[in-house]
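K.L.:
Please find one structure pasted underneath; my questions will follow.
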Amino acid sequence: MDAAKMYGAVLACTDEAVLPVSQVFDAIRELGNEGVEKLDPLVITSASSLSKFPVESSSVDLVVLIWKSLDFPIDQLTQEVLRVLKAGGTTLIRKSSQSAVGSGDKMIPDLENKLLLAGFSEIQALQSSVIKAKKPSWKIGSSFALKKVVKSSPKVQIDFDSDLIDENSLLSEEDLKKPELPSGDCEIGPTRKACKNCSCGRAEEEEKVLKLGLTAEQINNPQSACGSCGLGDAFRCSTCPYKGLPAFKMGEKVALSGNFLAADI
């Protein structure tokens, strides 16, 4: 790809006092681009002594860092590179031709971690002494909607040609007959009382029903089979004849005065 069309503005930085343009072109060729001679890069020497690049923010397509020393201020430089790069711009870091042999082996792993923490993406080591990274095309704080994948429910294939069994064919004539209820000779009404000429046994059952209530004998001589009748409703059985009366002592007779119901006024 033509480098002049791909990179409109190129910035080259180095910690040396002099940087030949040929070294900048060689670094750009490592990206697989042709026609680098058409580029007109802006070169900054002794960049380690600068706190800020004399370049406007988001104005550069490609930043090439060529460094000789291993202790260059990478943290400060990455922030400046991010500032001057356009969204989606590329940075290329490589060691100088005058660097010590084997120094890149120690520099590359450390650079990858620092570039990642600084906010770069698509970090890639091209050679033992060259590393490439990109500035993300999105901005910090930007948001976008996630497309929800709509999964279609599985369709059930129904074979209408298959033989279906009629449910009614499984019932016999006896199953379809309504059951006959046993009818008594008493008139069945809402009260269900036995008639005068009852012969079904309802009259005998009604005679056996015990009506709960207090007799005069129970009031005068209270007796308790369970021993809890005089303790109150909380201790009485559900069928206790004394239910509803206040607590009393068994065998004790309570006498009221003659003027108990007389008005005080």
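Residue numbering: from 1, along the chain as shown.
Each Cβ is built from the backbone N, Cα and C atoms, and glycine gets one as well.
These came from Swiss-Prot, pasted as-is:
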{"type": "BINDING", "residues": "C186, C195, C198, C200", "note": "[2Fe-2S] cluster binding site"}
{"type": "BINDING", "residues": "C226, C229, C237, C240", "note": "[4Fe-4S] cluster binding site"}
{"type": "REGION", "residues": "1-147", "note": "region 'N-terminal SAM-like domain'"}
{"type": "REGION", "residues": "147-176", "note": "region 'Linker'"}
{"type": "REGION", "residues": "186-200", "note": "region 'Fe-S binding site A'"}
{"type": "REGION", "residues": "226-240", "note": "region 'Fe-S binding site B'"}
{"type": "MOTIF", "residues": "226-229", "note": "motif 'Cx2C motif 1'"}
{"type": "MOTIF", "residues": "237-240", "note": "motif 'Cx2C motif 2'"}
K.L.:
Could you tell me which three-state DSSP class C200 ([2Fe-2S] cluster binding site) falls into?
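P.N.:
In three-state terms, C200 ([2Fe-2S] cluster binding site) counts as coil.
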K.L.:
Between C226 ([4Fe-4S] cluster binding site) and C200 ([2Fe-2S] cluster binding site), what C-alpha distance do you get in Å?
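P.N.:
Here the two Cα atoms lie 37 Å apart.
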K.L.:
Validating a neighbour-count step here. Other CB atoms within 10 A of the CB of C195 ([2Fe-2S] cluster binding site): how many?
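P.N.:
Looking across every protein chain shown, the total is 15.
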K.L.:
If you count other CB atoms within 10 A of each CB, which of C226, C229 wins among these binding-site residues?
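P.N.:
Going through C226, C229 one by one, the largest Cβ count within 10 Å is at C229.
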K.L.:
Which of C198, C237, C240 has the fewest nearby Cβ atoms, counting only those within 10 Å, among these binding-site residues?
P.N.:
C237
K.L.:
Counting every protein chain present, what is the number of Cβ atoms, excluding its own, within 10 Å of the Cβ of C200 ([2Fe-2S] cluster binding site)?
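P.N.:
Excluding its own Cβ, C200 ([2Fe-2S] cluster binding site) sees 14 Cβ atoms within 10 Å.
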K.L.:
Quick check: in three-state DSSP terms, what is C195 ([2Fe-2S] cluster binding site)?
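P.N.:
DSSP assigns C195 ([2Fe-2S] cluster binding site) to coil.
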K.L.:
Tell me, which binding-site residues from C229, C237, C240 are within 10 Å of C195 ([2Fe-2S] cluster binding site) if we use the C-alpha atoms?
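P.N.:
So the list reads none.
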K.L.:
What is the pLDDT of the region 'Fe-S binding site B' (226-240) when averaged and given as a whole number?
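P.N.:
A mean pLDDT of 83 is what the model gives the region 'Fe-S binding site B' (226-240).
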K.L.:
Any idea what the Cα distance is from C200 ([2Fe-2S] cluster binding site) over to C240 ([4Fe-4S] cluster binding site), rounded to a whole Å?
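P.N.:
Taking the Cα atoms only, C200 ([2Fe-2S] cluster binding site) lies 32 Å from C240 ([4Fe-4S] cluster binding site).
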K.L.:
With helix taken as DSSP H, G or I, strand as E or B and everything else coil, how many residues of the motif 'Cx2C motif 1' (226-229) land in each class?
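P.N.:
Once the DSSP states are binned, the motif 'Cx2C motif 1' (226-229) shows 1 helix, 0 strand, 3 coil.
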K.L.:
Check the Cα-Cα distances from C198 ([2Fe-2S] cluster binding site) to the binding-site residues C229, C237, C240 and tell me which is shortest.
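P.N.:
For C198 ([2Fe-2S] cluster binding site), the closest Cα among C229, C237, C240 is found at C240.
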